[in-house]
Amino acid sequence: MLQTYKDQLPDYAKDLKLNLTQVLSESPSSELSNQQITGVALAVAYATRNRQLIELIFQKAEAELDESTLQAIKAAASIMAMNNIYYRFVHLVKDSEYQRLPANLRMNIIANPGIDKKDFELYSLAVSAINGCGLCIDAHANTLIKAGFSKHSIQHVIRIAAVLNGLAQVSIIENKT
């Protein structure tokens with residue numbers, strides 16, 4: 001299915017097509033496993049809200065990931081959709097008093113995602129990149145560095161997000177949302 005999708009991309013999306021192949025593969029400079037790459041891709045697909053990408057990546061993920069991981073990816077995409085809006089506001093608003101106010105938003109899934117917390121952080125970083133929350137990006141990237149991930153691995157997550165976001169744009173242009 002992935003090859004069929006790539007074959008149907010328009011000529012103007014050739015760079016994205018080639019980049020997709022590259023970012024969905026394991027890299028010697030990144031310690032991300034195939035399962036982590038697929039999980040990040042699915043979290044990003046959910047964050048783009050693009051039905052075509054969601055269906056495409058879900059089909060790959062369903063074959064590679066267990067049910068608890070699939071549920072955690074949905075949780076990461078959903079909780080980050082909430083947190084990224086809230087914390088982007090806190091980060092961007094000029095009144096610093098908002099930074100001192102308690103969020104008063106339930107987000108227990110972050111502490112207990114039902115999978116390895118490092119994987120949940122990878123998914124959260126990817127979704128935060130799509131949603132443009134600088135404060136969240138910094139927090140997740142720093143957590144991953146402290147957990148032992150290299151900057152190349154973090155960059156790999158962001159490259160996956162960037163390429164899939166570009167492909168979501170192609171879907172919109174081609175009316176395939």
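Cβ coordinates come from backbone N, Cα and C, glycine included.
Look at Swiss-Prot and you will find Cys133-Cys136 tagged as disulfide bond. Look at Swiss-Prot and you will find Cys133 tagged as active site, proton donor. According to Swiss-Prot, the active site, cysteine sulfenic acid (-SOH) intermediate annotation covers Cys136.
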Problem - Residues that sit under 8 angstroms from Cys133 (disulfide bond) by C-beta distance, when 6+ apart in the chain - result: Met80, Asn83, Asn84, Ile85, Tyr87, Arg88, His91
Practice task
Measure the Cβ-based neighbour count of Cys136 (disulfide bond), defined as the other Cβ atoms within 10 Å of its Cβ.
Solution key: 22
